[in-house]
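Everything below concerns the one structure shown next.
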């Protein structure tokens, strides 16, 4: 569990940091290489750091709530605490060191030095005289002989920029492509709903161990052949009670009623009945017959390990503790039935006259899984409400909040549905991934939605293309690196790591699908409208223009001075 938790921290930090660095790199490439470094740096920070700072704040708020005492799962609290620290230092790294690296690169470019070897790039005629390996290493895209009218910006020639601008933007907004995208989205919702209706809580012990172990073989055989019975439950009476009292005997039998019992107490009572002896014997006779007759019989001798005797100061022997074993006839795959059974026994142990406890090693994991939904869901709801309230004062248009909320709901709904279809159950790891998915969706979709909603004077299609051209390259680059780094997790022989890989992969894939397919199509025919309203001219606010012709003394130049009245 700790290994998967710390592994998840790496991908949380990578997902947020990759987009921030590629967004800054994309903004840097948009600037002209012949500009002063200060102007280029100012343009980069003005273009990218505001959105990156806001998304970082949202990450810190979400994981900060998860690291608070409201979370009752230690693994989730450790994960959220480590994520806060990692994202904070990642933000400082991007703000300081990565920005300084861009400044250093800018000065190297201004001095016509190679960005890798920091050597002066020779002029083309000098470079032709060098060996082929030298020309290959020190070839530059510009030189000192660049003409003033020549465009020094190489951003437009980037492969991904050309692909998005020349091909993809026109294709995704094509009238004949939109119906197929909408149909594909309806299929996506249908399969997500089918999986959502089959969501199950995970309480399988095999999910926390390596795949090729004896535990997996045991749980597989147990579920295949003996799944009609619950785990063996230990019923421990931890204080001295009046076992010889008939009312106490009735209480103990009532507590264990309905179970398949392996009980010394019930066997001993049946033993007394076979001997035509009363089960309500005096204390001394009851204890002596138990020790000297019942436990001496070969068929009952194995019960001697279930009873603890103790001698008092007057040499009187008493039963100070004992245990029994119970098995419920139930379906182990029915998690709710096991939870109800466990909670019923625990409530009974608190309210009953006989002080007892029930335990099985699998109860530890049932407790963990039963609490893996409540606290994370509560924290995620608090985080979502706080983020909506927090962003309402930061975004320039409330419609951005609406679109972000709808996008996050669509992504989370799809991830939960396809996660279930991929045989991933809701446990602590998957819930942490779903909480991370909220921030990941906002991180990637918010810039696209902000650029579209705040755009004026053009058509919806024009602003969809503009949003993709502005932010699509950074999103695409970050996703390519993220998926490449995520693939090795699939080879780790651990069910927890496999759950982590599947959840993170689905979050990345579904968010990518929304960024590059669903949102560009839906935004072309849904609000906000981009039509500019024609303002009616008020006849009382007319402007009178007076033109005065002025002639210079040499009668060679005429100047028109326009005065507004």
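Each residue, glycine too, has its Cβ placed from N, Cα and C.
What TrEMBL says about this one:
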| type | residues | note |
| --- | --- | --- |
| DOMAIN | 1-104 | domain 'SSD' |
| TRANSMEM | 49-67 | transmembrane segment |
| TRANSMEM | 79-98 | transmembrane segment |
| TRANSMEM | 176-197 | transmembrane segment |
| TRANSMEM | 376-396 | transmembrane segment |
| TRANSMEM | 402-422 | transmembrane segment |
| TRANSMEM | 472-492 | transmembrane segment |
| TRANSMEM | 504-526 | transmembrane segment |
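For the domain 'SSD' (1-104), the model's average pLDDT works out to 77. With a threshold of 8 Å between CB atoms, the same-chain residues lying at least 6 positions outside the transmembrane segment (176-197) that come near it are 413-414, 416-421, 513, 517-518, 521-522, 524-525.
Summarised by DSSP class, the composition of the domain 'SSD' (1-104) is 90 helix, 0 strand, 14 coil. Sequence-remote contacts of a segment are chain residues at least 6 beyond its ends whose Cβ falls under 8 Å from one of its Cβ atoms, and for the transmembrane segment (402-422) they are 188-189, 191-196, 198-200, 384, 388, 391, 430, 434, 437-438, 441-442, 445-446, 449, 453, 502-503, 506-507, 510-511, 514, 518-519.
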